[in-house]
Amino acid sequence: MKPLVKLFLLFCLVGIVLSRPMPEDEEPVAEGGDDDASGESEGEEETTDDAGGDGGEEENEGEEHAGDKDAGGEDTGKEENTGHDDAGEEDAGEEDAGEEDAGEEDAGEEDAEKEEGEKEDAGDDAGSDDGEEDSTGGDEGEDNAEDSKGSEKNDPADTYRQVVALLDKDTKVDHIQSEYLRSALNNDLQSEVRVPVVEAIGRIGDYSKIQGCFKSMGKDVKKVISEEEKKFKSCMSKKKSEYQCSEDSFAAAKSKLSPITSKIKSCVSSKGR
């Protein structure tokens, strides 16, 4: 603005000078003044040129400032664009992170499904193994049952136990009051029935084969014992001693029990083969 003010003041001074009347006797002076005026005019022109130069410089400076502003705007735009780019990159990063999270979730679900599938397969395998074990156990149980059945059919000890129990049941003499007679008859049963019968069954393993051989043994033995009891009472009524009467019964019972044992031994020998 200062060059413009100077220029305006200069024009005002020139106008004032030119508006003043020039005296005739002072023409040379006027001429000199003209020269001065022309010099002043030239000075004014130079000043104008200087002002123009200054104005050009100012214009150039304004243009430079404007350029700087434009450059600043461009920089600002670049910064804004950079901000947008950064924001876009952040959005892209978030999208990538979201995709990664989604991928991880999908992978986790797949792993969980695989684990469940493996567990189910393991459960199926365990079930099949249990089933095989159960079936194996069932087979073993059947085999054991068959073995037990076979052992029962071929168990001489079982045959012995059943025969002895039957002899104890059918050859009891505990009901006899006389101690002498009871002891005498018990000795006869032991020597004539129990021992020979046990020897007869030997190693027979299937008791059912010889079970019929003992069907009448109890009845036959009881008949002999009953007869000897009657004879013993008859002997005692004759004023004989108890010992003597028991000895008589002992000899008679022995001869009556032998046929019973012979019949059993013959039956066992034929059926036990």
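Placement of Cβ uses the backbone N, Cα and C atoms for every residue, glycine included.
Noted in Swiss-Prot for the protein shown:
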type	residues	note
SIGNAL	1-19	signal peptide
REGION	20-160	region 'Disordered'
COMPBIAS	24-62	compositional bias 'Acidic residues'
COMPBIAS	63-86	compositional bias 'Basic and acidic residues'
COMPBIAS	87-145	compositional bias 'Acidic residues'
REGION	137-273	region 'Mediates binding of host collagen'
COMPBIAS	146-158	compositional bias 'Basic and acidic residues'
DISULFID	CYS213-CYS267	disulfide bond
DISULFID	CYS235-CYS245	disulfide bond
Would you report the average pLDDT that the model assigns to the region 'Mediates binding of host collagen' (137-273)?
84
Compile a sequence-ordered list of residues in the same chain as CYS235 (disulfide bond), six or more apart from it, whose Cβ lies below 8 A from its Cβ; state 'none' when nothing qualifies.
GLN244, CYS245, ASP248, SER249
Would you mind ranking the disulfide-bonded residues CYS213, CYS245, CYS267 by how many other Cβ atoms sit within 10 Å of each Cβ and giving me the lowest?
CYS267
Take the region 'Mediates binding of host collagen' (137-273) and count its residues per DSSP category (helix H/G/I, strand E/B, coil), listing them in that order.
114 helix, 0 strand, 23 coil
